[in-house]
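Per TrEMBL, the features are:
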- B:75-266: domain 'ABC transmembrane type-1' (DOMAIN)
- B:21-42: transmembrane segment (TRANSMEM)
- B:79-100: transmembrane segment (TRANSMEM)
- B:112-134: transmembrane segment (TRANSMEM)
- B:146-165: transmembrane segment (TRANSMEM)
- B:186-209: transmembrane segment (TRANSMEM)
- B:247-266: transmembrane segment (TRANSMEM)
Amino acid sequence: MAGTALSRPNPLSRGNLRALLYLSPWLAGFAIFFVYPLVSTVYFSFQRYDLFTLEPVGLLNWEYFLKDQAAWTAIRNTLWLVVVMVPLRVLFGLGVAQLVTRLKAGAGVYRTIFYLPALVPLVAGTLGFVFLLNPGTGPVQAILSAVGLPAPDWFGDPAWSKWGLTLLGLWSVGDLMVIFMAALLDVPKQLYEAAAIDGANGWRQFTSITLPVIRPVLMFALVTGVIQTLQYFTQAEVAARVASGATDSAGSVFTPGYPDQSTLTFPQWLFQQGFRDYAMGYACVLALMLFAVAMVFTLILLRQFRGLGEEDV
Amino acid sequence: MTRRSVVRRGTVLLWVARHALAIALALMFLGPLVFIALTALMSDRQALTSDLWPHTWNWGNFAEIFEKAPLLTWIRNTLLYSVLATAFMLVSSIPVAYALARFRFRGRRLAFLLVITTMMLPPQVVAVPIYLIWARFHLTGTLWPLILPMLLGDAFSIFLLRQFLVTIPREYSDAAKVDGCGEFRTLVRVILPMARPAIAAVALFQFFYCWNDYYGPLLYAGTDLDSWTLSLGLAAFRSVHRVQWNLTMAATLLAMAPVIIVFFFAQKVFIEGVKLTGVK
């Protein structure tokens with residue numbers, strides 16, 4: 001190791017070559033499945049391409065984007081999920097984690113139960129939720145009307161469908177809970193003891209000790225939550241498919257977004273354009289939009305990792 | 001009443017409140033799973049009513065779903081995808097993670113930041129050109145476009161393994177080198193056995209990511225039912241096969257079962273793995 005440190009200025013030193021060898025699978029993957037496709041996506045965004053004919057069309061795809069009503073609906077829906085679902089999941093995950101770390105008896109059992117839904121396959125969980133919230137058959141309606149609340153037709157009503165997806169997101173909050181629990185257990189106990197002696201109550205302790213210590217973890221959860229929600233696809237697609245009762249036998253085409261485009265997310269519209277309507281040039285415009293937004297949040301995340309990669313050298 | 005007993009009573013009340021809340025939450029988290037299981041055992045007529053407890057226990061539903069749809073083929077395809085992708089990922093990603101965690105080289109920080117970037121960016125961003133690559137090799141309509149790239153490493157797994165590998169004290173690999181082990185032998189003989197929990201975690205995550213994956217197979221498996229996976233079949237189960245909710249829920253339960261069973265046996269691996277994904 002001392003040898004490699006001495007020969008650092010030489011890019012072809014043994015250490016660098018050895019690293020290159022170990023990294024080579026990933027470097028090849030990075031070139032083939034990231035750099036090349038990204039450049040290619042920019043190229044295709046100026047073409048009309050339907051798998052058969054390729055025709056340069058200048059800025060036509062980009063102009064079409066401005067007029068594409070469905071794309072803007074999809075952007076609004078995705079934004080709704082980012083603004084409503086992501087913070088709710090973080091708050092709920094933090095609340096559940098707080099609770100579990102304070103339980104003295106049975107904490108392990110509760111952790112298992114609360115984490116379990118996070119593992120349920122997305123398609124299976126979504127199917128279960130659509131049926132669960134389905135008026136007439138599901139128990140949720142019965143419970144709501146028993147306490148005198150109106151029972152909405154969750155996945156059949158454009159005003160409620162995104163809330164249905166939000167409930168599904170809250171149900172599978174287990175991964176966030178585990179991350180928050182680890183962070184909460186890392187907060188030095190003496191800080192709480194000192195605060196208690198100074199007469200700080202629970203809420204004061206939470207805002208002046210817990211929050212500052214776990215702030216990086218909260219930020220991480222929010223930013224990764226936003227990036228994950230920008231690719232929100234499966235739950236919306238499956239919910240719309242099942243709730244609409246669409247019979248997608250050969251010949252008939254499934255249109256995402258049921259009811260009334262209320263669950264149409266941006267990645268779904270991209271998929272629809274590129275791989276169902278084969279407007280691949282236009283799909284690349286949508287892909288670049290998604291890239292730009294996701295990249296902003298990725299850069300925020302990378303700032304958090306700035307210190308990482310340096311330690312232990 | 002003394003001050004002490006007031007405090008005591010306060011803590012007891014707090015204890016009761018916390019546990020009441022925990023039990024209520026547990027019911028909410030388990031409720032949907034119980035409900036799916038109960039519906040899976042109902043008759044098709046009862047599944048359309050709001051009665052929650054099965055009038056008759058229709059265990060035959062689990063046999064019937066295999067007659068309604070090519071479930072065995074879907075399970076086989078899903079297993080093929082999950083097992084091969086996991087094996088390929090491990091072979092290609094471990095050396096990369098090791099190099100990022102241990103080697104000193106030019107651009108090491110940049111490489112690590114690029115791994116995080118590729119891990120975070122939505123797969124839809126580069127979907128069109130990648131689809132065209134596989135179309136050129138006539139591999140669309142199969143699951144190979146999802147399996148083969150795993151030979152070139154998986155960003156999430158590399159990231160997670162690297163996060164674990166940097167926590168192994170350097171003294172262990174130094175000692176191995178003093179004993180005359182080369183870098184590769186040190187990795188295989190000393191580091192890998194110590195990294196077993198992290199390797200188990202990424203393997204399980206990868207396996208179940210593939211098992212649950214819907215977007216990938218939707219893009220590549222095509223319209224031929226024989227190349228579908230369980231997730232794909234499950235999403236179309238009700239519409240394509242025009243079956244009732246009870247059978248749909250029976251199939252849903254079947255898709256969940258392996259994940260839940262493995263979780264109960266390897267709970268610690270999952271939890272420790274999830275912790276590694278959080279930034280410290």
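Yeah, the Cβs are placed from backbone N, Cα and C, and that goes for glycine too.
Tertiary neighbourhood of the transmembrane segment (B:146-165): same-chain residues 80-81, 84-86, 88-94, 96-98, 100-102, 112, 115-116, 118-119, 139, 191, 195, 197-199, 201-202, 205-206, 210, 213, 216-217, 220, 273, 276-277, selected by CB-CB distance under 8 Å and a gap of 6+ residues from either end. Tertiary neighbourhood of the transmembrane segment (B:112-134): same-chain residues 96, 100, 140, 144-145, 155-156, 158-159, 162, 215, 219-220, selected by CB-CB distance under 8 Å and a gap of 6+ residues from either end. Using a Cβ-Cβ cut-off under 8 Å and counting only residues 6 or more beyond its ends in the same chain, the transmembrane segment (B:186-209) has close neighbours at 82-83, 85-86, 89-90, 93-95, 98, 150, 154, 156-157, 160-161, 163-165, 168, 172-173, 175-177, 259, 262, 266, 269-270, 272-273, 276.
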